[in-house]
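Here's what Swiss-Prot has on this protein:
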ACT_SITE  E147  active site, proton donor
BINDING   C33, C117, C216  [4Fe-4S] cluster binding site
BINDING   H62, H95, H145, S244, S245, N246, S289  dimethylallyl diphosphate binding site
BINDING   H62, H95, H145, S244, S245, N246, S289  isopentenyl diphosphate binding site
BINDING   H62, H95, H145, T186, S244, S245, N246, S289  (2E)-4-hydroxy-3-methylbut-2-enyl diphosphate binding site
Amino acid sequence: MCMTSPDQLTASESADTASAHKRVLVAAPRGYCAGVDRAVETVEKALEKYGAPVYVRKEIVHNRYVVDTLAERGAIFVDETTEAPEGAHLVFSAHGVSPAVHKEAEALSLKTLDATCPLVTKVHNEVKRFARDGYHILLVGHEGHEEVEGTAGEAPDVTHLVDGVESVDKLPEFLHDEKLIWLSQTTLSVDETMTIVKKLHERFAHLQDPPSDDICYATQNRQVAVKAIAAESDVVIVVGSQNSSNSKRLVEVALQAGAGASYLVDYAHQIDESWLDGATTVGVSSGASVPEILVRGVLEFLDARGFHDVKEITTAAEKITFALPRDLRPART
């Protein structure tokens, strides 16, 4: 048998040897959650039932590919309710809207379909209940996010936004006999939220915790899955849009959990090949509003660059589904 030293390997043999050590760890769960699946299907079914155009207030979910695909099918996305013509069909996005927006739509005789995620609706109901019971509400979330605007709009006079640890000291004083509770946006980093809540408790000794967790199961599951692959990954690529809160949180979680680097991309072609320089293990995940076809595109991109060994790391199984708005459910026979 003829033995060949490493420096005598042919170019193709050297490439094969290098590729043999390259691997991809794919986080699971990833991608679509039950709320996003319901919201996207709401628009699809509305187009089937009523025909184009169907108007959608804001992006139905925060994903460029999904929005563009639905627009090609006849959905028209508008920033404000008043941009939809009187009497049109209008879908409210998965992020929810305030009572003022509902009234605005009613005044325009719009035929509304509410695609708000049921887990967001749960937080809306908590705000209404605690406001009715005389509480001040500290809402942990990101200023300007549609979900936060809709949730705070349920009781704007008693809801105070907490956008980061640094904002805790900017909150007004609350007397000890004033009832005080914190709630949160559903798509936040679990670890960051707990850091903020710890600071809130330090400042307000009488602050109450909510009866149940507001950060949704899908957000938590995707963060746990990313943590499971991050420490072994030279780089973690998260598929998701820049305006997606939960996708951006996955990048942050990956870095905090030990990834060498982490990047957010909408499409595989946005990956800078320099990110892979020297990398032997690449982690891949996707936000809750990302269809699996975009993840497959990233895996194909990596495969073409020698990352042939693909292993899925599963930390939870998701079986939750949500019913469509009543007007779009199949008729009972």
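For all residues, glycine too, the Cβ spot is worked out from N, Cα and C.
Features recorded in Swiss-Prot, as mapped to the structure shown.
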| residue | record | Cβ within 10 Å |
| --- | --- | --- |
| C33 | [4Fe-4S] cluster binding site | 30 |
| H62 | dimethylallyl diphosphate binding site | 29 |
| H95 | dimethylallyl diphosphate binding site | 28 |
| C117 | [4Fe-4S] cluster binding site | 26 |
| H145 | dimethylallyl diphosphate binding site | 18 |
| C216 | [4Fe-4S] cluster binding site | 25 |
| S244 | dimethylallyl diphosphate binding site | 25 |
| S245 | dimethylallyl diphosphate binding site | 24 |
| N246 | dimethylallyl diphosphate binding site | 27 |
| S289 | dimethylallyl diphosphate binding site | 32 |
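Comparing CA positions across the binding-site residues C33, C117, T186, C216, the one lying closest to H145 (dimethylallyl diphosphate binding site) turns out to be T186.
Of all the binding-site residues in the record (T186, S244, S245), the one with the smallest CA separation from C216 ([4Fe-4S] cluster binding site) is T186.
Proximity of E147 (active site, proton donor) to non-local residues of its own chain (separation of 6 or more, Cβ distance below 8 Å) is seen for H95, G96, V120, G141, Q185, T186, T187, S245, given in sequence order. Excluding H62, H95, H145, S244, S245, N246, S289, which define the isopentenyl diphosphate site, the same chain contributes V61, E147, T187, N243, S247, G287, A288 within 8 Å (Cβ to the Cβ centroid), listed in sequence order.
Excluding C33, C117, C216 themselves, the residues of that chain whose CB lies within 8 A of the CB mean position for the [4Fe-4S] cluster site are, in sequence, A34, G35, V36, A94, P118, L119, V120, T186, T187, Y217, A218, T219, A288. C33 ([4Fe-4S] cluster binding site) is 13 Å away from S244 (dimethylallyl diphosphate binding site) when you measure Cα to Cα. According to DSSP, H95 (dimethylallyl diphosphate binding site) is assigned to coil rather than to any helix or strand.
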